[in-house]
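Asker: Before I ask anything, let me first share the structure, which is written out below as C-alpha cells.
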Amino acid sequence: SLSAGLDLPGRFLFATLTLMTLIAILVFIEEAVYIYRKIPSSKRSIIIWINAAAPVISTTSCIGMWVPRSTMFTDFTAGIFFAIVIHKFLMMMIKECGGQKVLLRRFENAHFTISTGPCCCCCLCLPRVPITRQTLFWLKLGTFQLAVFRPVLVFLSIVLWTNGNYVLYKLNPKGPALWISCFIGALTLCALWAVGIMFRKVRILLKCKNIIPKFALYQFIVILNQLQTTIINIFATQKIIPCAPPLSSTARGSYIAQQLLIMEMFLITVISRVVYRRKYHDLEPPECVAEEPEDKNQTP
C-alpha cells in the first residue's frame, strides 16, 4: 500500500496535508452556514459556489495524493468545478451591481474595454464596445460555454482513456490528448477574458464591496490550479523533475503539484473567509447617484 512505502517524514507530510484539507473543509462549512444566514438569497448560492472552489481543489488533490491511480479523475473533477466557478464569479459581479437591469442603467452610455487579458491585453487598437443587453449576453455566454463544454470534453477523454487512446500528460500530435487539451485551453482563455472585461468596468464601482481582493483570490486559484500544475506536469514529462524509485518522473511531478495545491488552497480558503465576511455597505440606487450633484448645487 501507499502508506507502507512511506518513511516517517513522508507519513508526517501526508498526515499534515490531510489535516490541512480537513481544516479547509470545516472552514468552508462554517462559512457556508454564515453565508446562508446573513447573505440575501439572490446572492447566497453564487457566493457559496465561489468559496467552495479552494476546498474542492484541496480535497481532489488530497484524494489524488493518497490514491495515485485516481489522478486523472480528480484533476478532471477540479477542472469541471472551477469552470462553473468562473461563470459564477461573472454572475456575482453583475449581482453586486444590483442585477442586469440596474447595471445597464448605471452604465447607460458607457463602454466595455475589450483590450484586456488574457487574450487581447496587447491589442490596444481594439474598439470599445457599448454596454447593452446584447454585450452582457455575450459576456455571460463567454463563461457559460466553458461550464458546458468542459464536462463534455472530460467525458470524451474518459471514454477514450478506457479504450486506451487517451494518455494523460503524453501530448503526442497524433493522439487526442493534445487536441483536447488545446481546445479546453482556448475555451478557458475566452471565459477568463469575459471575466476580465467585466471586472475592468466594475472594479471602481464595487470597490466598497471588496471586489479587488475577491478578484485577486480568484486569479490566484486560476494561476495555481491551471498554470502551476501544467508547468510542473510539463517538467515531469520532459524528465526535468528526476524520478525517485518507486516513483517515475510523471508520478513525482503529480505528487509535487498535488501537495503544493493542498497548502495553497488551504491558505486561500482561510483568506476567503476573511474577505467575504467583511461588512460593506450596499450600493446606492443609480437614481440617487444621478440626483446627488443637483442636490448639492441647490444647497445654499
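The backbone N, Cα and C atoms fix where each Cβ goes, glycine too.
Heads up, here are the entries from TrEMBL:
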- 12-34: transmembrane segment (TRANSMEM)
- 46-67: transmembrane segment (TRANSMEM)
- 73-91: transmembrane segment (TRANSMEM)
- 137-161: transmembrane segment (TRANSMEM)
- 176-195: transmembrane segment (TRANSMEM)
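Give me the lay of the land around each of these features.
Answerer: Remote same-chain residues near the transmembrane segment (137-161) are listed as 72-73, 76, 79-80, 83-84, 86-87, 89-91, 112, 167-168, 176-177, 180, 183-184, 187-188, 190-191, 193-195, 197-198 (criterion: CB distance under 8 Å, separation of at least six residues from the stretch ends).
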Asker: Short question: most Cβ pairs under 8 Å with the transmembrane segment (12-34), which of 46-67, 73-91, 176-195?
Answerer: 46-67
